[in-house]
Amino acid sequence: MPAQTAFSAKLVHRFTDQFKPVRVQSGSFLNRKKTMSYYHLLLTNDKIKLANRHQLLFPSRGSKTMSFGNDFAWLHYTWIDIGTPSTSFLVALDAGSDLLWVPCDCIKCAPLSATYYSNLDRDLNEYSPSRSISSKHISCSHQLCDLGSTCKSSKQQCPYTMNYLSENTSSSGLLVEDILHLQSGGEGTSNSSVQASVVIGCGMKQSGGYLDGVAPDGVMGMGPGDSSVPSLLAKSGLIRDSFSLCFNEDDSGRIFFGDQGSTIQQSTAFLPLDGIYSTYIIGVDACCVGKSCLKMTSFKAQVDSGTSFTFLPGHVYEAIAEEFDQQVNASRSTFEESPWEYCYTCSSQELPKVPTLTLMFQQNNSFVVFNPVFVFYGNQGITGFCLAIQPDDGDMGTIGQNFMTGYRLVFDRENKKLAWSSSNCEDLTLGKSMPQSPRNDTLTNPLPTDEQQRMNGHAVAPSVAGKAPNNPSAASSRMISCCQNWYCYLFLLFQLVSAFS
């Protein structure tokens, strides 16, 4: 039986006298130990490391989101830049799906001309991988190819089909890898450009609502799935595994990748669906209308920014609607083409006092819906309003964008929780400085390695698998595998010299 061999290496602090020959040889200045300049150097280095750990990312054109009302189905959108040279797309923000797709080499797509839409001042764009020098095909053998088993050859380009809850609404095409242009920022850090490799659906064919003005320029899926933009950014080590959305009443908002929220926020845990954290599910303990908390109104709901309005299980809907009807000081009425059942007329030009709607969670956490009604306007001003909730046939509800208004919502996948704090979406200290165009000092980041992908499979909870600081980068993966052989000592020494020279 061969004898076991052990290897050891002496650890040397890079700012000590023992490391001085390496630093002097590289031209670096060594501060004398225990001097003020020595401790200043240590503190500066710590701040740099902490800033990298808490980096925030947002689209290169800024963190701002916008809603165009009924023209674009009341969803929130943001401008993103893709490819080299970059092309701009106005994508809908959808926490209920995983894929980022844009109209691409179109066979059947929505109109992209600004003249087709009343709220656009410029034409929308169509993506073509052949015109981007940074694009790469994703093959059927790729770990992120869900339809790989349907391919005739593993080398064939991976197809995709996304079916959405809206009737006959889908997007289909081929998967590619390309650059998403982002900006980094954070408290105490300067803004800089970041190029991150992401998976993009080359959407050749759209159907249903996507041909009728809903997200004509694409969708950014931000679900927990492996192919979503937040998942890829987190697994690459660029951000903490979290993101935030903030929707204001004036149809504006903010989006930040890596944001874990404020110290004053409330929260509730995400729940698995059939043992898997495949979407953002929360459990509501009770619902309150005004000061009346209703019995038997607990339910589970998907939190989905890609749904304009809110749907509740039938029995919960009936209890809330009937209590709301008893408390509201307005006459019941109907409005032509209104999808809602409980509607009211206004006897004056001002909206009457509307009962508050509150969702209660464990540990007495509460979510007050700032605006549960949809207001109708006529030539003379306000004509009426409706309780903007609809019943759902199943046991699962959907918390849509209208319930999210007025909040900074944090999808903290690292800690498996949804957090919220009231906000006007403008006084976020992390969003004060936002460059409007890409900078030259751009950092390019590849897709997560196969090892990083395996660390966050569908069957693993985000809190375990998605901690960005603990995920191995490409360099640390090499170090782990290297330490299994006798080259490890030389490699570690080389890494120390190159990193700090």
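Think of each number as a place in line: the chain as shown, counted from 1.
Cβ atoms here come from the backbone N, Cα and C positions, even for glycine.
Listed in TrEMBL for this protein:
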ACT_SITE  Asp94  active site
ACT_SITE  Asp304  active site
COMPBIAS  434-447  compositional bias 'Polar residues'
DOMAIN    76-421  domain 'Peptidase A1'
REGION    429-457  region 'Disordered'
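Per-residue pLDDT, averaged across the domain 'Peptidase A1' (76-421), gives 93. Separating the Cα atoms of Asp94 (active site) and Asp304 (active site) is a whole-number distance of 7 Å.
Annotation note: Asp304 (active site) sits in a coil segment as assigned by DSSP.
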